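**Student:** Summarising the annotation, Swiss-Prot assigns active site to ASP25, ASP114, GLU116 and lists sequence analysis as the type of evidence. As annotated by Swiss-Prot, compositional bias 'Low complexity' applies to 219-472. The domain 'Ch-type lysozyme' annotation in Swiss-Prot covers 21-231 and is backed by sequence analysis. Annotation comment: Swiss-Prot describes 1-20 as signal peptide.
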Amino acid sequence: MNKLILSILSVLLIVSIASAGNGIDISSGTNPSSSDLACLAKQNSKIIVQTWSGGYGFNSNVPSIVQAAKSAGLSVDLYAFLCSQCSGITDPAEAIKTLVSKLNGVKYGTLWIDVEQCNGCWSSTLSSNAQYVQTAVQTASQLGVNVGVYSSEGEWPQTVGSLTSLSSFPLWYAHYDNNPSFSDQGYNFGGWSKAVMKQYQGTTTQCGVSVDLNWFPGSGSSTTSSSATSSSTTGRPLTSSSGAGTGGHSSSSGAGTGGHSSTTGGQTSGQTSGQTSGSSNQPLSSGSSQDSSNSGSSNQPLSSGSSQDSSNSGSSNQPLSSGSSQTSGQTSGSSNQPLSSGSSQDSGSNSGSQGTTGSQSGSSSSNPLTSGSQSGSSGSQSTSSGSQSGSSGATGTSSTASSTSATGSSSTGSSTGSSSGSNDSGSNDSGSSSGSNNSGSSSGSNNSGSSSGSASSSGSSGSSGSGNYTSGSGNGAFLF
């Protein structure tokens, strides 16, 4: 009898494992080829594609990606990051109507409304944000679209407060615990008591494509497909982001939450914005380490990395992109604070004697960091840099920076370096700096000693872009 029971349990376990599904989500800055999708289909049964980015609007690559994904054997869902303070179409009902119109004839499973934080994206009044999100979801439902919500335990209350009226819609949540299951119960927010999909890992790479990883129970092969003109039976890929590190698209709080987002061209973990090495509920996108900011404000959810710093000044709706250094909103430990801004920011890869500018929190080891203020600990490296800011397309100069040495020694010398980075869709922010270190002092937490030096820097920075962009929830995320 005992052997029979064990045999039955074994069969049930095997069936359960076999019926579970793997999915990936990609940001609007990612445009995989047919061969990429064929490769991805060997490891996944679903793909969720970002179709709308903040104030930038529709991702024109969606129709061709959907067609190629279906040909590769993948079921397709879409996600949209909308925000009340983004440029472009600011009315949520109008944005949804425009999106649905552009998706006319495109068959997909579920349209996920991505709810996550990003710099300058939302009103400071939670009730206003809640009304915005409700209108977006309800408008999509009224238009006959299968609609769900993507968010995380940390992002939801930060954005819409105690809103519970949408709990009857499917939930895709983010919790970066690298555990493809619902055992974490990270879906207990907003009135939900269950979820349909979990984003359990932020930006990583499969088949050379930057993706977030998702898990859902069951085969996911029999959901109703939405299009503006017809319905048919097809698979519904489900998605989500946030958690003890959540990602798509932005900065963190709680055990850290965030949205999704990932792009191939130097994207953030996106997507917001890599994934966190500790707990973080912020959807962030790819990048092993992140310091960045546009010299324009960003309406995209920031992307993730193992360390995070981001800030924006000026105006720009572009989600920050990843590179060797990139925008992030996700902490490498647990953090309940939104990311802080530095006095100057450049994102992307850096060459020269110093690294990327921007303020950075967390710890870094043996890495020269450039920039405004720094907290945390650093290896036996000294850093110096000038601060830089500018509005989109503008040239400005700034001077004065502090340099720090973790060992208490001071250094003198001159250094030059240039940095450039690219946003998901458009133009790059770049700047150059040169200067000699003279004298001065700086201090940081967990650092001892003093260093002296002054630096001046001048350069131009700006960001512009049109077309497809990434968001944070971490579709961040994106899932941006």
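A Cβ is built for glycine as well, from the same backbone N, Cα and C atoms used for every other residue.
Here the structure is a predicted model, which means the values were calculated and not measured.
Please situate the listed features within the shown structure.
**Tutor:** Within 10 Å of the C-beta of ASP25 (active site) we count 42 further C-beta atoms, all protein chains included.
In the structure as shown, the Cβ atom of ASP114 (active site) sits within 10 Å of 45 other Cβ atoms.
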**Student:** Give me the CA-CA distance between GLU116 (active site) and ASP25 (active site), in Å, as a whole number.
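**Tutor:** That separation, Cα to Cα, works out to 16 Å.
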